[in-house]
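J.: Okay, handing you the structure first.
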Amino acid sequence: MGIKSPMDDTKLKENDTGVKKDEVKYRGIKAMPFIIGNETFEKLGTVGTISNLLVYLTTVFNMSTISATNLINIFNGTCNFGTLIGAFFSDTYFGRYNTIGFASVASVLGMLILTLTAAIPQLHPSPCGTDSSKCVGPTAGQLAFLLSGFGFLVIGASGIRPCNLAFGADQFNPNTESGRRGTNSFFNWYYFTFTFAVMVSLTIIVYVQSNISWAIGLAIPAFMMFLSCTFFFVGTRIYVMVLPQGSPLTSVVQVIVAARKKRKLALLDQPPDSLFDFISPNSINSKLPYTDQFGFLNKAAIITPEDHINADGSAHNPWRLCSIQQVEEVKCIIRVVPIWIAGIIYSIVLNLMQTYGVFQAIQADRRLGNTRFKIPAASYTIFQMLSLTAWIPIYDRIIVPYLRKITKKEAGITVLQKMGVGMVIAVATMVVSALVENWRRTVALTKPTIGVVAQKGDISSLSAFWLAPQMALAGLSEAFTVIAEVEFFYKQFPESMRSFGGSFLFCGIAMCSYLSSFMISIVHKGTRNASGIDWLAEDLNKGRLDYFYYLVTALEVLNLGYFLICAKWYKYRGTQGKSNNGDVAMEDLSSRAHMV
């Protein structure tokens, strides 16, 4: 993999063949403030705005609950799905530095457009009066301008999300102890600043947007995004930049094409040691053992009289003959797909906490004690973040050592077991959410209310703090399943495809957003009665959101059963036969990686 560093930081060093090559000067600690600063301001600029977009669309753009929810789901889904495209262009053409730089500029433009939609009256509908019949939605021009801002934010997220962590890790030398410690320090600081940015966004920025001025509340994150962009470019001269080496997906396609061409060959007549076994000296992937699973792909490595081998041992036509190493790498990808599907359905729970959890808060008592101060509805999701961040050190420092003594495994439990625990908690989250919503609705219908929300209905006197348990459970579930998914995709994908492994998780979240939007639309239409009221009515007091939560609970139970079957079937990368030991040591070929 080629690496580029500033010319004044490069020394010439002779390799074993006597050829002089550039020795990269890593400046990890010096580069870290610029990358961390970029990440912090980027999160300050986007998290609060995205978290509060539902309220913005329903109050400023006068959209219905269903329309706003579907638009947010499509927006979030497209942002996450776009990471696959961002990772492809980064690894194949532009490199991480150029991709992040371009994406940061796009995010600034997107935030600026959103700010203008709030600051200029002509760019958003007139406010609704007390008479809902006089409430006018956005014009085609206003909606188009808003969607153009969303489009720039999609471009920004597609480039930043799959590249920022990897770009930060690129600044440290992975072959030295100090470099590895620096990498760990970077990840620690990354997650610390991420948490800090989320806390500030969900409290201060959301409050300014909801209670003071949307124009000011959107201008603040737009300025933060500008600072993020500035911080990133200021550090340009000291960055180590990994040059793009071409798409690793090419090898995947070659295996599929070669296996199809040789689909009529009999695999049983081919012993494993007779299959084509070649590893490029430029490969950074670990050597994988032969497996019988997905045996039809092994046909791509059968050597026939028509196949020719080059002098260096490589295949003359890689679209007809692939190495068993390439085949095993494709198997790694195929194996994770069923687990990935289970993660999509699981994420519906987290999606609902970010959408209908906010709508629950809007029609609940958000007053802080006996004061007139009202907590913004979107700020209640902070309980999810608090639960997640509080549990991580408890789990890592207390629970894992205890589990290690019982299971004799270094991680305490496997990543798949960890994901399963989170899915069980997700089921409990939906049950608690349904019970709380039923209570909130009952109080609104049987006891005096404390106000009315325009376009919705009466505000229940039940305190919105009763939403904290379901939010906390969602955060606890996320601490198990989502973090385990990150580790799972990172370890199970081949090294050359780890950018795609990271985007795989985002693509799952994207599919979840689309699936949630589809489910909401189906339930909205399918449960409508003769009077036009359905489970997901604009006024939650007239609808039955608790029934919808129970429906999702049933879906999550089915998904849990499906996941358990997939987890029992799954073979970890690098293991052969039936093994429950998880990851095993593999031959490290990273020393063969070609650096320029």
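Every residue gets a Cβ built from N, Cα and C, even glycine.
Note that TrEMBL annotation is computational and uncurated.
According to TrEMBL, the protein has these features:
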type     : residues : note
TRANSMEM : 100-120  : transmembrane segment
TRANSMEM : 140-160  : transmembrane segment
TRANSMEM : 189-208  : transmembrane segment
TRANSMEM : 214-234  : transmembrane segment
TRANSMEM : 333-353  : transmembrane segment
TRANSMEM : 373-394  : transmembrane segment
TRANSMEM : 415-436  : transmembrane segment
TRANSMEM : 471-490  : transmembrane segment
TRANSMEM : 502-527  : transmembrane segment
TRANSMEM : 547-570  : transmembrane segment
J.: With pairs fewer than 6 apart in sequence excluded, do the transmembrane segment (140-160) and the transmembrane segment (333-353) have three or more C-beta pairs that lie under 8 Å?
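T.: Result for the transmembrane segment (333-353) with the transmembrane segment (140-160) is no.
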J.: Is it the case that the transmembrane segment (547-570) and the transmembrane segment (140-160) have 3 or more CB pairs under 8 Å, with pairs at least 6 apart in sequence?
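T.: Touching, no - the transmembrane segment (547-570) and the transmembrane segment (140-160) miss the threshold of 3 or more Cβ pairs under 8 Å.
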J.: What same-chain residues lie close to the transmembrane segment (502-527): Cβ under 8 Å, and 6 or more beyond its ends?
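T.: That would be 66, 69-70, 73-74, 76-84, 86-87, 161-162, 165-166, 336, 340, 343-345, 347-348, 350-352, 355, 482, 485-486, 489-490, 493, 534-536, 544, 547-548, 551-552.
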J.: Counting only residues 6 or more past its boundaries, what in the same chain has a CB within less than 8 Å of a CB in the transmembrane segment (100-120)?
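T.: Distant contacts of the transmembrane segment (100-120): 38, 42, 45-46, 49, 56, 60-61, 86, 94, 142, 145-146, 148-160, 163-164, 167, 213-215, 217-219, 221-222, 225-226, 228-229, 232-233.
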